[in-house]
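Database features, via Swiss-Prot:
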BINDING   227, 229  Mn(2+) binding site
CARBOHYD  204  N-linked glycosylation site
CARBOHYD  300  N-linked glycosylation site
TOPO_DOM  1-8  topological domain 'Cytoplasmic'
TOPO_DOM  37-415  topological domain 'Lumenal'
TRANSMEM  9-36  transmembrane segment
């Protein structure tokens with residue numbers, strides 16, 4: 001009897017030990033899972049553990065919350081702004097890629113998600129009521145099927161003030177109702193999109209580029225503001241994070257990322273070596289080379305391409321700002337906003353660069369990172385009203401520069 005009792009005790013002790021071992025293995029598994037790094041590991045995780053229906057419900061709830069208020073009007077009263085159709089948690093010290101797009105150009109998000117590993121903020125402009133509805137459907141579809149969209153992207157919507165966007169009903173049949181993967185959504189978007197020439201909306205509504213830029217970079221400490229059809233070099237986000245984390249002395253400095261454009265048939269270069277090979281044979285050239293060479297010339301491309309190869313990202317040289325330079329840059333601190341009076345084509349970015357200069361910012365060109373625009377910018381690819389818009393904004397820019405003198409009366413700098 002005593003032997004039987006001892007055997008039972010030993011059995012229960014063994015069972016308890018086995019259960020504890022299983023629990024420890026589960027905790028170890030969860031710990032390893034939470035420590036996954038890199039896109040490949042994340043893709044494997046979502047392949048075997050697809051998002052639960054609850055996460056999709058949360059997306060719908062966020063959309064409903066953002067749209068239910070009816071949005072807010074911008075300062076001009078011409079546009080209705082819906083903040084946070086998608087929201088994401090962002091480290092306040094992170095570098096956010098801020099961009100803007102018409103609905104038809106959202107297809108470029110796919111390339112940005114691949115190249116930029118950090119958080120993105122996207123402002124979408126819908127020129128018509130139908131486009132506003134399509135934008136909400138696209139937001140729902142992309143966030144439902146693309147884990148990266150849910151994890152890393154904040155999305156906002158702007159439309160003419162006379163329109164209101166509505167919550168999409170995923171049960172209704174439509175172009176995106178039966179899609180089941182992220183790639184299917186982008187493939188479908190590429191087929192139904194009708195991208196036209198630059199800024200040609202086909203309506204009497206102006207594209208509010210500076211309103212969209214401000215909305216996308218809102219709340220960011222460090223932001224790289226680019227056009228949606230540009231692609232950053234591979235690893236740029238990680239290199240920027242490492243550089244900025246090593247030093248806190250970047251307030252008042254605009255870290256310039258050199259911008260290029262590539263012949264449309266070419267594959268996007270991933271690193272500086274690939275870029276230089278294409279640059280040497282004329283397949284890559286400075287951004288805006290065929291439209292406004294002085295707009296990017298101060299970057300000093302000849303100096304940049306001849307810098308010695310380095311592994312760490314750093315500022316390579318200082319460039320005094322001069323009119324009409326409009327660089328793409330990363331800056332922290334109290335960065336002036338883009339003046340939202342500038343719409344459509346002309347002087348919308350240079351006006352902000354001018355104010356940066358007057359406000360006391362210095363411009364330093366980075367040694368390794370870069371941006372590439374998809375396709376050469378050509379005069380014939382712009383809409384017929386381009387020159388008229390440019391002349392209108394040129395007059396506004398002259399007024400803007402006079403206003404800066406009153407805004408910064410003690411600044412020794414001018415544009």
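Placed from the backbone N, Cα and C atoms, the Cβ positions cover glycine too.
Features per Swiss-Prot, on structure.
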{"residue": "204", "record": "N-linked glycosylation site", "CB count, 10 Å": "7"}
{"residue": "227", "record": "Mn(2+) binding site", "CB count, 10 Å": "20"}
{"residue": "229", "record": "Mn(2+) binding site", "CB count, 10 Å": "19"}
{"residue": "300", "record": "N-linked glycosylation site", "CB count, 10 Å": "16"}
TODO: Averaged across the topological domain 'Cytoplasmic' (1-8), what pLDDT does the model get? Just tell me the whole number, please.
DONE: 53
Open item on the list: Measuring Cα to Cα, how many Å separate residue 204 (N-linked glycosylation site) from residue 300 (N-linked glycosylation site)?
Closed with: 39
Task: Assigned element (helix, strand, coil) containing residue 229 (Mn(2+) binding site), judged by DSSP - done: coil
- [ ] Taking only the Cα atoms, work out how far residue 227 (Mn(2+) binding site) lies from residue 300 (N-linked glycosylation site), in Å, as a whole number.
- [x] 21
Task: Distance from residue 300 (N-linked glycosylation site) back to residue 229 (Mn(2+) binding site), taken between C-alpha atoms, in Å - done: 23
